Amino acid sequence: MFCRKYVFQTWKQLSRSYSTVNSIGAAKTRNIGIIAHIDAGKTTTTERMIYYSGRTKRIGNVDEGDTVTDYLPSERERGITIQSAAITLPWNQHKINIIDTPGHADFTFEVIRSLRVLDGAVTILDAVAGVEAQTEKVWKQASALNLPKVVYVNKMDRPGAGFSRTVQEVIQKLETRVVLCNLPYFETNKESDLEFKGVIDVIHQKLLKWNETDANGNEISVVNIDETTPDLLQILEKSRESMVETLGEYDERIIDSFLEHDENYLKIPPMLLDQVIRKATIDNYLTPVFCGASFRNIGVQPLMDGITKYLPSPLETSLPQITKNGKDVTKKVDGEKGLVVANDNNLTLALAFKVMTHSTRGPMTFVRVYSGKLNAASNLINTRTGKKLLIRKLLVMHGDSPEEVKSISAGNIGVIPGYETDFQTGDTLVSSAVAKRNFTAKDSAYRLLPIDIPPPLFNAAIEPHTAGDEAYMKQCVETLIREDPSLKVHLDKEMGQVVLSGMGELHLDIVRERLVNDMKAKVNLKDVVVSYKESFVGKREKEAVITNEEIEVAVTLSHIEDARDYVGQEGALVIEEDNNVILLSETASSEHVRATIDERRWKCENNLEELKEAILNGCLTALQMGGPILGFPLHSTLVTVNRWNVPVEVAQEQALNLMNASRQAVQSLKDEKKDFSILEPIMSTKVYVDSNDLGEVSHDLTQRCKAMIVEIQDQSTQNLETAAWAKDEAAKVYVPPDYTIKKNVSKFDDIANKKIIVAETPLREMIGYLSKLRALTRGRATFDMTLIGMRRAVGNRVDSIVEEYKF
């Protein structure tokens, strides 16, 4: 046995100069996200990575509020991640761009927009809780983007930690093959309890044991596992056999090596194992698994090794979807330049995936450069606006600390500072790697796949203290919306209030805190309420005709079930967020308008497309102005423009008149309340409870929360109704027994004794549910919700909603 500083700490000096790190090529760059359920240890793990890379001289602590990545006052006060933070680290002659994402369901959009620009992900699991609800949700989001992943089983030092159980859940719940790159190592303490001390490196056949006297986790004892350590050797042999069997089914080189080495699993070279694991990970064939206890500084360095060894570089990841004028463009990967688009080595394409306003540095736009090189002191075009901008400076962020750089090359993440109103989340930016280039309209035709924005579910009204405070309040709200596109705003004209709409209670609480505490806006804050809708449910279609001098618009209102049925239909504007459709066919224009076009007598100051857009905008405005019951926005409604006419042979502007007429036509159809109903959001709710609490929680759901229980599932891995493949795969993987569970059985609740209550619940009844659930179960239960859709409220439900919105 010998003791030394961990070998990769010798590379720490490189981190002192970002210019050195920035010179690292795409092949040795890793863009990764840290994803997990809340409280799994994402930020704690990230802070250790920052320290071990040499970026900081001390380890940031969530409890002490001095973390690098959680730097917002609200984050440090609450001890949770709210905004995704970006940081660049050097490690093992590689560059790792890390984004530490939120774990709370209210900030799912932060996760979504971060995943879009990443090449891989580290999924952190709590070894006591196992695979939790938000983990499953984010895993599916990452899988939909074909992101390769590694798993890190954290908190192995906690009573009740179950590595074996957690691995089985990974296979069955996340439906992935695994290879266990390291295993937990325990020693018995004076109280005869097992304590987590280190990890068994299955690939290199070593025991890594962290020195308890070193508070920062730098000193690690490395022990060869051989005949002198028979117990460890037995575990290693079984683990190696399981690893080789899994890898052998993927790559024949493993089988060949096994036969060449006298069918000895331990003699297969680590280098070959690493190569095959890397290839299989990038192909999403399997997931490497690591373990540790980040708070005690155990296991983080091997995880960082795994990131550089197994996750892909920008040269190896799935190519982004890029279009030009709606058509796919050619893409190829150059070993030196990275992604080359449209056979143009100098074409630079970047995606603005996040916009924020810093308290002292002002506006900051986070970008992922996909092709070419984004240079400081160069021009770019925002393809959404067509506007040409001079980029003066570029930054790379380390949590809350920026470093100015001369360029951001393909495959990297950086920041454009300044430009308060010029960028929005999802913008495609076009530039050139060469200094001088004349941009044309063709350059504005490029589009990277936009970022989907989920619909908001909760509302909260705000009012300025005085009329003099209104302008600054609106300015602050506009800033928040640019930063967070999942936050919506509309004006309640009747009440004179600005209404914010967000993803959840916590989401809106944080927004309101930022308005008052960070931005110093003088506003009154109202309670968070559910976002309801209204829908036309009349038995017949209703038609209205608005005639104003020579302008005429005729529209019909009807109910629809699924707006997606109209996607691709000619003349259909589909608003998926509200399940609405506006149908404007080519034949809707009057014979007079069509004849004017054919005879070339058109004198109107607006062209045909501008007039059509005016009609659509007028109809859309009317839908958003709400229904006749309580003024909620309309939902599941089809507006059909049957005909329209304007005097296009007259030389004057008609778009505004046509838009107003369209709005009035739709508004006139909302005169009778009996033709409309209130829709409320219905959630698919999963409540995770101990068997002992099942009855009381179920009763509370059905009686107080007005829930309809769909089924009750067993949460233990032995009874999960998963695919036969996942069960077979779990049976093939060797994991050592969870001795910690057996030894400490009296110190924690049996996790295998948990149930899942699956129910459909009105969202309104789930406000504040977490605190009530914890009170019922003494803090042992959790829950997760996803939106099923909007459902018609009937009977007493309507009365309670109307009562809620009386002012």
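Backbone N, Cα and C define each Cβ position, glycine as well.
DSSP assigns Ala36 (GTP binding site) to a strand in the three-state reduction. Summarising the annotation, Swiss-Prot assigns GTP binding site to 36-43, 100-104, 154-157 and lists sequence analysis as the type of evidence.
Across all of the domain 'tr-type G' (27-315), the predicted model scores a mean pLDDT of 86. What Swiss-Prot records for 27-315 is domain 'tr-type G'.
Taken from Swiss-Prot, the feature transit peptide applies to 1-18, supported by sequence analysis.
Sequence-distant neighbours of Met156 (GTP binding site) (same chain, 6+ apart, CB under 8 A from its CB) are Ala127, Phe163, Pro184, Phe196, Cys291, Gly292, Ala293, Ile298, Gly299. There are 27 other CB atoms within 10 A of the CB of Ala36 (GTP binding site), with all protein chains counted. Taking the Cβ of Asp39 (GTP binding site) as centre and 10 Å as the limit, one finds 17 other Cβ atoms among all the protein chains shown. In the three-state DSSP scheme, Lys42 (GTP binding site) is classed as helix.
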